[in-house]
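Trainee: Found this in TrEMBL, in case it helps:
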- 158-268: domain 'UBP-type' (DOMAIN)
- CYS182, CYS185, CYS202, HIS215: Zn(2+) binding site (BINDING)
- 310-760: domain 'USP' (DOMAIN)
- 574-615: domain 'UBA' (DOMAIN)
- 635-675: domain 'UBA' (DOMAIN)
- 676-697: region 'Disordered' (REGION)
- 678-689: compositional bias 'Low complexity' (COMPBIAS)
Amino acid sequence: MDLLRANLHKVRIPEPTNRIHKDECCVSFDTPRSEGGLYVDMNSFLGFGREHVAWNFEKSENPVYLHIVQRRKPEPDEADRPLKKPTLLAIGVEGGFSEQEPEYDVTYEIVILPEFVSLPFPSVDLPEKVRLAVDKVILAESADRKQQLASWVADKKIISAHAMDLQQLDNGVIVPPSGWKCSKCDKTENLWLNLTDGMILCGRSLWDGSGGNNHAVEHYQQTKYPLAVKLGTITADLEGADVYSYPEDDSVEDPILAQHLSHFGIDFSSLQKTEMTTAERELDHNTNFDWNRIQESGKDAEPLYGPGYTGLVNLGNRYFEKQSLKAAFAISQADPTLDLNMQMTKLAHGMLSGKYSAPSQEGQEGIRPRMFKSVIAASHPEFSSMRQQDALDFFLHLVDKVDQANPGSHELNPFTGFKFIIEERVQCPSGKVSYNKRCDNFLSLSIPLHEATNKEQLEVFHEKKAAMDLDGKEVSNEEIVRPRVPLEACLASFSGGEEVPDFYSTALNSKTTAIKTAGFKTFPDYLVLQMHVYIDVPDIIDISHMRSNGVQPGEELLPEGASCGNKAEPARPVANEDIVSQLANMGFNYFACQRAAINTSNAGLEEAMNWLLSHMEDPDINEPISQDAMPAEDTIDEASVQTLVSFGFPEDVSRMAVKASGGNIERATEWVLTHPEASSSVSADSSASNVKDDESHIPDGSGRYKLIAFVSHMGTSTHCGHYVAHILKDGRWTIFNDNKVAASVDLPKDMGYLYFFQRISS
C-alpha cells in the first residue's frame, strides 16, 4: 500500500472527454479475456496485454494499472433453447440474427509495476483517489465500444427528379390488369410500362442470358421518356413497385405513382405481385448460387489454425476491409491508437503470429481490428461511416494512407511492390505518335463476352430458357449457364488498340480519330487484377509480351503544342479514361464519372471518388457534359487559392489543392494536409496520375506470375453484401470467411473480384 501511495501523483481521475481503452491492448489483440488479462494505465488510460505493459511502463514511467480479467460463465445446454428462425437479413435487430454474446465474470485488481505488486479491488484500504479513479474507469463507456451493426438492406431509393412534373400523353392507352406482352417481341415477363406513353416493353438483356431484349431501354433512347415501372411488381402497397429512371440510371421512388398509373386505367389496389423486383432477383440468384459456391457451403472443410491462419471478426460493414487486408498484407505516436504504423504492426502481428488462432470449442475466435479501422478510416467520409464499401476502394485508400505515412521511405512501404507503370501509345493518322505514362497499383480489366469459350452451351441454354419462358417456368440456379471468358482474352482486350475520337493532333492541327494501345513499362512484384466473376483464371500467367518499350526506331513523335501560324482553341479538360472506367466499374454513372475526373483535374481515383460522393445530389450529375459547360484547363478559382495561402500554405501547393478538390475550400485544405509530399517545385498543371521523373523505387522484373490470392464478392453490388478471401498458403488453398479459416475444398477460382498474383523469380 505504501508503494501505491508513493505513486498517487501518477494516478489521474478520468474526465468525460478521456478515451478509456479497456477492451483491447493498444499494440496487440489481447483483451480482458486473454490469459493474462488487460492492464489499463491509470494515467493515460491506454490498455496493454501482459506482454506489452512493461514496454509501456518503460516508455511512460506510469507504474499504476487496473488489471481486468474476464472469464466466461458456463452456459445452459444449447438444446434447451427454442430455435427461432430469422425473418430479416440483418444482425442485432428484431427479427434478424442474434448478436447475443456469452456472459463473463469480471475481476479487478490494482497492479504496480515494475514488480507487478497486486492489490485487491474493491477495498476500503485503497486511497480515495484510487477508488474514485478506478470506479470512473469501470463505469465509463469504452473507447472501443461496440459499433452499431448495419443491416444488410438495400440503399434507400431517391425520389426521381422526373416524377413530380412527368408529362403523360393523352393517347387513349388503357393497360389491362393482366395478359401483358412486349409490344416489339413475344416476351411475357420482365416487362416495363413507360409512364409517359403507356408502351409495354421488355427489359434489358442480362449477361447470363436472362432478362429481355432491351426494347424498353431502346424506347427511352429514341423518345427520352424517363420513367418506367415493372409490371408484376405493382400491388396495393405501391412502395414495393419497381420504378426505374433511365436518365438517373437507377431504381427510384415515384411519390405520385398512383396518379401516373390511373392515367392508363390501372387499378393498383386489385393487382397481385407476380414478379420479383430487380433487386430481389439479384439477391435470390446470389443467395442460392454464388453465395453457397463462394463460401463453399455444405463442404466438409478442415479448420486451420496457427501462424497466418488467423480470422478477422466481422465488424458490421467491414467485409471489404478484412478481405483486402488478408489478401494484400505483407508486413509511435504518444498515443499508439492513433498511429497508423503502430496499428499496421499490431494487425500484422495479430494475423501472422498465430497467437490468436488456436482450436477452441466453438472454432476460431479471431481478432477485431477496431483500432486499425478507426485510424485508417479517419477523415474519410465513406469508410468512417457504417455504409458498406467496395473492396478495391479500400485497397486503394489503404495504399494511399500508407504512402502518406511513409513519404519517401519506399523501402519501408509494403505497397511499393504493388506499383507499376503503364505506358500508353497514341498514333494519329499522320503516323506520328505520343507516349504517356502513369503509375498504378492495380489493373482493371473489361470482360469481352464475345470471347466466351462455351458459346455452344450458352446457345442451348438460351433456347431452353426461351422455351421455359413461354411455358411460364423459371430456370433453376443449377441449370443456368454463364459465359466463360479466359483471362488471356481480358488481358488482350486491355492491350489491344482502341479508337480515340476527337483527338487533337498537333501534327495535323485538327481533331481526328487516333488509335491508343497500352502496355507495361514495368512489371510489379505483386500484380492486382480487378474483374467481374466467371473468368477462367490459370494458376500461372505470363504477360511478358505486354511490355511497352517506349519510342521505337523510325517512330516520329507528335510535336508539342500547336503549329506556329495556327493558334489552337483554348484547351478544354478531357477526362482521364482510366479514372472514368475505374469509377464506372464500381457502379457509378459514366457521365458522373467524367465530371468527377474533370473537376478534380484527373488528379487520381480517390480524389475523383471523393468529389463524386460529395456531388451525388447535383441535379445534372448524370447528364452528358457539353463543351460549353466544361471549364478551361487553366481555370482555377483564385479567391480559393488566396484563402489557402492566407492559411500559410505555399501558393503553388494551394493551386494544386484547389484543382484537385474542384474548388471546395474544405476539401482543398484536407488535400494539402493529407498530401505532405506535395511541394512548391511541382507545377499546378501536373497530375497525381502522371509518373514523376524518379522511377527508381518502382520495381521491375519478369512478367511471369502465379496466383496467390483472390477476393470474391456476393451481393447486388460491391457496396453491399459479403466478401470472402481465398489465399494460397503452404501449398494449399485456404478460405478466410470472417473468423472462420479452413482448407478450401471446392475452390471458386472463377468467381473472384480481385485477383492477387506474385512474380515468379527466374
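Every residue number used here counts from 1 along the chain in the order it is shown.
Every residue gets a Cβ built from N, Cα and C, even glycine.
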Trainee: Same chain only, sequence gap of 6 or more: which residues have a CB within under 8 Å of the CB of HIS215 (Zn(2+) binding site)?
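Mentor: Long-range Cβ contacts: CYS182, SER183, LYS184, CYS185, LYS187, LEU201, CYS202.
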Trainee: Look at each of the binding-site residues, CYS182, CYS185, CYS202, and point out the one with the fewest other Cβ atoms around it within 10 Å.
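Mentor: Each of the binding-site residues CYS182, CYS185, CYS202 was scored by Cβ atoms within 10 Å; lowest is CYS185.
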Trainee: Can you count helix, strand and coil residues in the domain 'UBP-type' (158-268) using DSSP?
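Mentor: The counts are 19 helix, 22 strand, 70 coil.
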Trainee: Which value does the mean pLDDT take for the domain 'UBA' (635-675) in this predicted structure?
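Mentor: Computed over the domain 'UBA' (635-675), the mean pLDDT is 69 on the 0 to 100 scale.
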Trainee: DSSP-wise, what's the residue breakdown of the domain 'UBA' (574-615) into helix, strand and coil?
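Mentor: Per-class counts: 29 helix, 0 strand, 13 coil.
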Trainee: So which other residues, same chain and not among CYS182, CYS185, CYS202, HIS215, have a Cβ within 8 Å of the centroid of the Cβ atoms at the Zn(2+) site?
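Mentor: These residues sit around the Zn(2+) site: SER183, LYS184, ASP186, LYS187, LEU191, LEU201, GLY212, ASN213, ALA216.
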